[in-house]
Each structure stands twice: as C-alpha cells, then as structure tokens.
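Per TrEMBL, the features are:
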- 200-361: domain 'DUF418' (DOMAIN)
- 12-32: transmembrane segment (TRANSMEM)
- 52-69: transmembrane segment (TRANSMEM)
- 89-106: transmembrane segment (TRANSMEM)
- 112-130: transmembrane segment (TRANSMEM)
- 137-158: transmembrane segment (TRANSMEM)
- 178-200: transmembrane segment (TRANSMEM)
- 212-233: transmembrane segment (TRANSMEM)
- 258-278: transmembrane segment (TRANSMEM)
- 299-318: transmembrane segment (TRANSMEM)
- 324-345: transmembrane segment (TRANSMEM)
Amino acid sequence: MKVKVPNGRIIGLDLARAMAIIGMMIVNYKLAMEAQNGRPQWMRSATELFEGRASALFVILAGVGVSLMAARARVSGEVKQLKAIRRTLLRRAAFLFLAGIGLLVMGWSADILHYYALFIALSALLLRLSDKTIFTWMIIILITTVFQSIFLDYSYGWSENYHEYVGLWTWSGFVRNLLFNGFHPFFPWFGFFLLGLWIGRKDWLKQQDNRNRLLGITVVITIMAELFSHLIIRELTPGLGSEATQSLFGTKPMPPNLIYFCSAAASALSIMVMCIQVGERWKESRWMQALISTGQLSLTHYVAHIVLGLVPLQWLGLLENGSVVFSTIYASLFYVAMIIVSVYWKGRHNRGPLELLMRCWE
C-alpha cells in the first residue's frame with residue numbers, strides 16, 4: 001500500500017508527526033499512571049527525554065504546516081485566497097478548541113488541543129506579516145516568559161502533584177492556565193508555533209545543504225543549552241536552593257523558561273530535519289509508508305490515545321499504577337496498534353476520521 005501524497009508535500013513532516021505522537025504518548029501515559037517516580041531509574045530517565053520535547057515538535061510542526069499552507073497566497077498577495085485561508089484556520093481552531101474542551105471535561109488536564117487552537121486562530125492574523133516581524137514577536141514572547149518566571153508564582157492554582165488545576169472552570173483560572181501556567185501555556189508555547197511559522201517560510205527544509213546546516217546548528221544549540229543548564233544549576237544551587245535554580249535554569253517544561261525553550265526548540269528542529277532526511281531516503285519502503293500514514297492521522301491518534309487508551313484502564317482500575325515499565329510498554333503496544341489501524345484506514349480513505357470531520361467542519 002502506497003500512501004497518497006499531494007504534490008509538494010514534505011512527507012518527512014508526516015514522519016515527524018508520527019514521532020511526536022509516540023513521544024507524547026510515552027509522556028502522557030507516564031503522567032496519567034503517576035509513574036514519574038517509577039523504577040527502574042534508567043527507564044524513567046529515558047522517558048524524561050521526551051518531556052516537553054515531543055509536544056514542542058508537535059507545535060512547531062503546526063506552525064510549519066500553516067506557513068506552507070499559506071505560502072502561495074502570501075507570496076502572490078491574493079486577497080481572496082488569503083481570506084479563504086484565514087476562514088479555514090479560524091474554523092479549524094474552533095473545532096480543535098471544542099475537541100480540547102471535551103478532553104478537559106473528561107478529566108484530561110494535560111490536553112494540548114485547546115492551546116493549539118489558540119495558536120492557529122492567532123496565526124490567521126499573522127499571514128501577511130514579514131519574517132522579521134514574526135521572529136520579533138517570538139522574541140517578545142520569550143522575554144515576557146522570563147519576567148513571568150521571575151515575578152509570578154507558577155504553582156498558583158495547581159495541586160501538589162500538578163494533576164489538578166483548582167479553578168480551571170472559572171474565567172480567571174481558565175485564562176491564567178491558558179496564558180501562563182497550564183501544561184502548554186501561550187507564554188512561551190506560542191513561541192514554538194511562531195518558530196515553526198518562520199522556519200516554514202524558508203527554503204531550509206527543501207534543500208539538502210540547508211537542512212544539513214540547520215541540523216548541525218540545532219544539535220549544537222541543544223548540547224550547549226543542556227550543558228549551560230547543568231553548570232549554572234550546579235553553581236547556583238548552594239545559594240538559591242534547588243527549587244529556585246531548577247525553575248529558572250532547568251530544561252524541564254514545567255515551569256518553562258528560556259533555556260528550556262532553546263533546548264526543546266533546537267532538539268525538536270533536529271528531529272524534524274532528520275525525519276525529512278529519512279523520509280526522502282526511504283519513502284518507498286513499507287515501514288516508512290506505515291509511519292507516514294500514522295503521521296497523517298495525528299489528530300485522530302492524539303484523541304484516541306486518551307479516549308481509547310486511558311479510559312479502559314480507568315475502568316479496570318489499572319490507571320494509577322505508578323509503574324514506568326507498564327506505562328512505557330503500554331504506550332508502545334498502543335502505538336503499534338495505531339500504526340496497523342493507520343495502514344488499514346489510509347488504504348481506504350484519504351483522511352483520518354477526525355481529520356475528515358474537521359475538514360467537513362471547515
């Protein structure tokens with residue numbers, strides 16, 4: 001079975017979406033099963049590598065996708081076409097927002113879709129902005145994030161284990177969670193989206209030499225950010241305390257800070273570039289076709305891994321088991337099932353179930 005790929009589509013981006021989904025599943029299942037402190041240590045450390053990285057890749061890919069979607073209209077300046085794209089983006093954002101709210105109502109506090117919806121809605125207003133302006137807004141968001149981390153209490157509203165957000169369904173609580181201290185708040189997560197929007201306007205993803213340079217730069221930035229974080233935490237912990245230094249200079253996604261953003265963005269771009277390289281090299285192979293199919297159904301799989309993956313465990317009383325081994329194996333097996341379903345579905349339909357529903361909504 002060969003996947004139908006529209007002309008000009010970069011199939012490596014679909015592969016990157018498939019990689020983002022498995023990374024998010026590993027993190028989300030560990031969170032849902034309260035396995036953050038589970039053993040063995042090496043497996044817990046391995047799963048921590050995906051924290052804040054897989055979701056950052058997911059958001060950057062969204063920005064790249066919007067940029068590529070609007071490229072022709074933006075360059076030509078066709079007003080009617082730009083208006084049509086804006087209308088599509090706003091309707092898509094509304095669909096994703098409702099889907100995200102549905103997951104929140106079910107009790108999934110780590111939902112990314114309602115944040116994702118905000119980013120896409122705002123992107124409809126940014127289509128005609130220059131590359132320089134978009135990059136400037138990204139910097140402004142990062143600077144704002146730095147001041148927030150210094151002067152505001154990130155833990156406000158959260159339960160002790162960060163599983164429940166008190167006051168989420170009040171106006172003030174919802175806005176605070178959305179903009180400041182949720183799982184993927186506007187500051188700085190919209191910066192990831194803007195980075196993707198900016199990258200998508202360049203030729204770097206389509207030209208081999210430029211991709212190689214981008215890969216080299218992002219790998220170096222990732223290593224430097226992690227090394228700087230390690231060194232400065234070691235030096236300042238005796239004076240400031242572990243909690244303060246980890247909050248200000250760590251590379252964990254909660255709370256997000258400037259060093260985390262640099263590390264997560266660079267590592268996400270590295271993965272994206274490698275996926276493009278691998279996608280071009282083995283695009284005809286069956287395993288690549290299967291993963292491309294999986295990436296093209298990423299919205300369906302995201303919702304399914306919560307609704308079909310976690311709800312049955314809750315019914316069986318197996319959800320809060322505290323085992324990182326169980327959460328990782330379960331995520332891996334569920335992902336294999338997703339791949340099989342994707343291959344079957346794409347052999348008969350062009351779009352996934354939720355992707356098709358969103359298309360009709362648009």
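Heads up, the Cβ atoms here are built off N, Cα and C, so glycines get one too.
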Distant-in-sequence neighbours of the transmembrane segment (52-69), which means Cβ under 8 A and at least six residues beyond its ends: 10, 13, 16-17, 19-24, 26-27, 85, 89, 112, 116, 119-120, 123, 184, 189, 192-201, 205, 251-254, 256, 260, 264-265, 267-269, 271-272, 298
Per Cβ pairs under 8 Å, the stretch of 12-32, 89-106, 258-278, 299-318 packing most closely against the transmembrane segment (112-130): 89-106
Interface check, the transmembrane segment (137-158) with the transmembrane segment (178-200), three or more C-beta pairs under 8 A: yes
For the transmembrane segment (212-233), distant same-chain residues with Cβ under 8 A (at least six beyond the ends): 204, 245-246, 249-251, 259, 262-263, 266-267, 269-270, 273-274, 277
CB contact flag for the transmembrane segment (178-200) and the transmembrane segment (89-106), at least three pairs under 8 A: no
Per-residue pLDDT averaged over the domain 'DUF418' (200-361), given as an integer: 94
For the transmembrane segment (89-106): best-contacting stretch of 12-32, 258-278, 299-318, 324-345, by Cβ pairs under 8 Å: 299-318
Outside the transmembrane segment (299-318), six or more residues from its ends: residues with CB under 8 Å to it: 21, 24-25, 28-29, 32-33, 96, 99, 103, 106, 108, 111-113, 330, 334, 338, 342, 352-355, 358
